[in-house]
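**Q** Sharing the feature lines straight out of TrEMBL:
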type	residues	note
REGION	1-57	region 'Disordered'
COMPBIAS	1-14	compositional bias 'Basic and acidic residues'
COMPBIAS	17-30	compositional bias 'Polar residues'
TRANSMEM	135-154	transmembrane segment
TRANSMEM	166-183	transmembrane segment
TRANSMEM	195-216	transmembrane segment
TRANSMEM	259-280	transmembrane segment
TRANSMEM	292-314	transmembrane segment
TRANSMEM	351-374	transmembrane segment
TRANSMEM	386-407	transmembrane segment
TRANSMEM	419-439	transmembrane segment
TRANSMEM	451-470	transmembrane segment
TRANSMEM	482-503	transmembrane segment
TRANSMEM	515-534	transmembrane segment
Amino acid sequence: MDAPQDKRDERSKSIDAISNTEKTTDLTMNKQDEATGLELGTFDSNPSADVLPGGRLPGSNDDVRFATTRKELWSYYTYYVGNNGLGPFNFGPSQFQNLLSLAGWSASDPSQPCNSSEPCMLGPFAGQVRDINSIVLLCNGISFAIQAGMFLLIGSFADYGSWRPWITISFTVLAWGISFGWLGVETPDKWQTGAVLYILGLIAYQGALTFWTAAFPQLARDLPEMMESEKQLLAGEKDMQEHETLDVMSRNRISNMSFVVCNAGEVIILAIMVGILKAVNSDAGVEQNTKAFSILIAFSAACWIICAIPWFVLEKHRPGKALPAGSNYFTVACKNVWYALKECLKLKQTFLYLIFYFLMGDTLNTTVTVVGTLQNSIVSYSTLQLTLLLIVGIFASAVGSYVFWIIQKKFKINTKTMLLVNVVFILLLDGWGFLGIWLDNFGFKNVWEVWVYQAFYGFFVCPWYSYSQTMISEVVPKGKEFLFFALFSIIGKTSSFIGPFVSSAIIDRSGNDNMPFAFLLGLGILSSFLLIMVDVKKSRKECKEYLEKET
């Protein structure tokens, strides 16, 4: 995609987080669920008893449960269609880079405007004149650095208390306002304002996305079939393995369906955008094209408003966990992450995957950023071309996510194998850009290449965002999922800003916009060996021994 970091990554940052409830004894639960007829009496847990996926003992009354209804689930999907990133995460960055190119000058002659044959310079920005692609990467890094600190500070609101739905609404409304604000930024002299809107837009979008995604664990856990499965497990009608298999498949189904529904909705929105571009005659000249960018960003916000309202109305406000004694909302996240890091060091396989997740996440996020800046330049920032490219990419992503899921389901392929397949395709993507360091006619240098890239990336790479998150839940101790997922989430945020900063420095030093691919390919190869080393069976054994020691 032409975004600085693909939205699918952030959508799935929390997609397989599961609420954490510690093992306790003498748990009591006595409730009746209308949808499933689930009625459980007193359950005297054994310290060595199995723990349900999600970290709960069968029958634990750790929070209020509401069965997930079909309407609620589809409103969850519908919100995803609105929060698709087309405004703040696709056209916003493209408009920003477009304004930079119009305000900049040729590297060889500052008196001449930018051209496609040599780097485009602008500044001062952050103390010096820079390649505009370097400026985009720096702004991207600044945005994600702020996000890392922000989510470390307020991330606990997603899991404790009842603030999460309201924070989702607040970030969503802020993102709408920023998107409409682009209507006032349509000339090159306002590129500094564009930089502010770009950074703030990413923060608001990712904030809304993160807190919306945090609803997923409870939605999946409270599916009627999952609650019925718990009832059968307690009655001895099925074993833990069957229940765990249903749990994994249910979470993967919701995750993949959310991608498919979102992508289908995006294609419809983009088709309407093509009509809007024709109506405003975006190809008439640079001025019309620049105005068209701002119109599309505002239109995407209008669509988001329509799609978000059902979720705001139909979501059941399931309360989160109570804050631990002696903690508050602004300190508990830091304590949890620090504790999780110490605990992770005791689990070799979990720690290996943590390092892999950091390195490969950095590789892919930055790869998409670099390719996006090259793509914008190749198509000369044409709103129509970028819109059509997005349609191809999103359609390919929807098909790819569905096909990968069908293949996994039919052949019962484990998550690690599916993830390894995705990693191979990510390395091919970096190898493609790597060749462009020396070749003038290949390596994201031609229009046909960006069309192929969108199809390739959408179909073969995008499933990574689902499987990489699912893998987390397979290598962490049961009952500790939330704790460890918080650590992985912070690690993911950290990798999101380090890669762009490094790539920006590489471009400034080398003067070659393809040079970051050398760094990214090497980093990707290194991280792939770490994934190969991860042994899921050993991880389960380590996690079991870890839990036994705790008891």
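Just so you know, glycine gets a Cβ as well, placed from its N, Cα and C.
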**Q** Report, as numbers and ranges, which residues of the same chain sit near the transmembrane segment (419-439): CB under 8 Å and 6 or more residues beyond its ends.
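**A** Same-chain residues near the transmembrane segment (419-439) but 6 or more away: 360, 363-364, 367, 370-371, 374, 445, 453, 456-457, 460-461, 463-464, 467-468, 471, 512, 514-515, 517-518, 520-521, 524-525, 527-528, 531-532.
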**Q** Look over the recorded stretches 292-314, 351-374, 386-407 and say which has the most C-beta pairs under 8 A to the transmembrane segment (166-183).
**A** 292-314
**Q** Would you say the transmembrane segment (351-374) and the transmembrane segment (292-314) are touching, if the rule is that at least three C-beta pairs must lie under 8 angstroms and be 6 or more residues apart?
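**A** Contact between the transmembrane segment (292-314) and the transmembrane segment (351-374): absent.
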**Q** The transmembrane segment (135-154) and the transmembrane segment (386-407): do they have three or more Cβ pairs under 8 Å, with pairs 6 or more apart in sequence?
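**A** No, the stretches stay apart by this measure.
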**Q** Excluding the flanking five residues on each side, which residues at least 6 beyond the ends of the transmembrane segment (259-280) place their CB within less than 8 Å of a CB in that stretch?
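**A** Tertiary neighbours of the transmembrane segment (259-280) are 8, 11, 77-78, 80-81, 84, 86, 288, 291-292, 295-296, 299-300, 303, 307, 383-384, 387-388, 390-391, 394-395, 397-398, 401-402, 462, 465-466.
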